[in-house]
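The following features are taken from Swiss-Prot:
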type    : residues               : note
MOTIF   : 55-60                  : motif 'PP-loop motif'
BINDING : Cys130, Cys133, Cys221 : [4Fe-4S] cluster binding site
Amino acid sequence: MYSPVESEQGFNFKPELPTSSAYYRLLKKLRRQVGHAIRDFKMIEDGDKVMVCVSGGKDSYTLLDILLQFKRIAPINFDIVAVNLDQKQPGFPEDVLPRYMEENNIPYYILEKDTYTITKRLTPEGKTYCAVCSRLRRGSLYGFAQEIGATKVALGHHRDDIIATFFLNLFHGGSLKAMPPKLLSSDKKNILIRPLAYVEEKDIIKYADLRKFPIIPCNLCGSQENLQRAMLNEMLREWDKQYPKRLHSIFGALQNVSPSQLADRDLFDFEILDSQRELDFKDPEEMKKRLDIVNLSFAAD
């Protein structure tokens, strides 16, 4: 049994593990989905050092928790280190993540960079901070991954994030793209992985609640969520209520692309189709006879 450790904010840094059957069913489901994602996309290999980006939100806590469980039972050896970027947002509880990591014996780093001030300066008035903030955050974390010799950078995006990004690009960006489960960073120095790619957000919410993670709010900066993404997230939630299989089908479509059925000339060579056409009659004379017969039949009609 774990002994609870309380903070001044009321957080429980080392809660007792749930014992309900609902918890174990959910845990089994999450392990299966994360395991399949890791296997399908070869996310983690023997000898890897996986840097898990932890913000203090439900997604990153769940990701870290499941990966730590895999580390204990996996047939391969790999290391996990948690990294949080303290962006110096006003009101950010700086003691929460260090306490949680230490109480649970998790190797971690706290990277301190005042990106909040830079974000405020670079963001036009009336706009949300999210775009600039995420760009600065990515740059800081990816650079730090190189410093500590991480071979993989694990991010907490889940299935619903991937689908929302797909529609965001479709509706507002004029492109068919989402968040890939595995990606080479633009500077080609980091491999990014999303082990929660198959996991639904509603299951993460349930799991985080059952595990009683010390959740840190994501809106401490005072900025509101990007309006377009907020509307898409609401649309997806409504779809999930009314048509439970729809999101599953959409995510399946992202794994079942037919380039020849789209209109991207860089993705498919449409010019080669003429040379690939197979005709039933290779003898020109035979072809002419058949065409004459067809023409006569039209004339008779």
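Using N, Cα and C of the backbone, Cβ positions are placed for all residues, glycine too.
Across the motif 'PP-loop motif' (55-60), the model assigns an average pLDDT of 96. Long-range contacts of the motif 'PP-loop motif' (55-60) within the same chain, counting only residues at least 6 positions beyond its ends with a Cβ under 8 Å from a Cβ of the stretch, are 84-85, 96-97, 156-158, 196, 204-205, 207-208, 213-216, 218.
With helix defined as DSSP H, G or I and strand as E or B, the motif 'PP-loop motif' (55-60) counts 3 helix, 0 strand, 3 coil.
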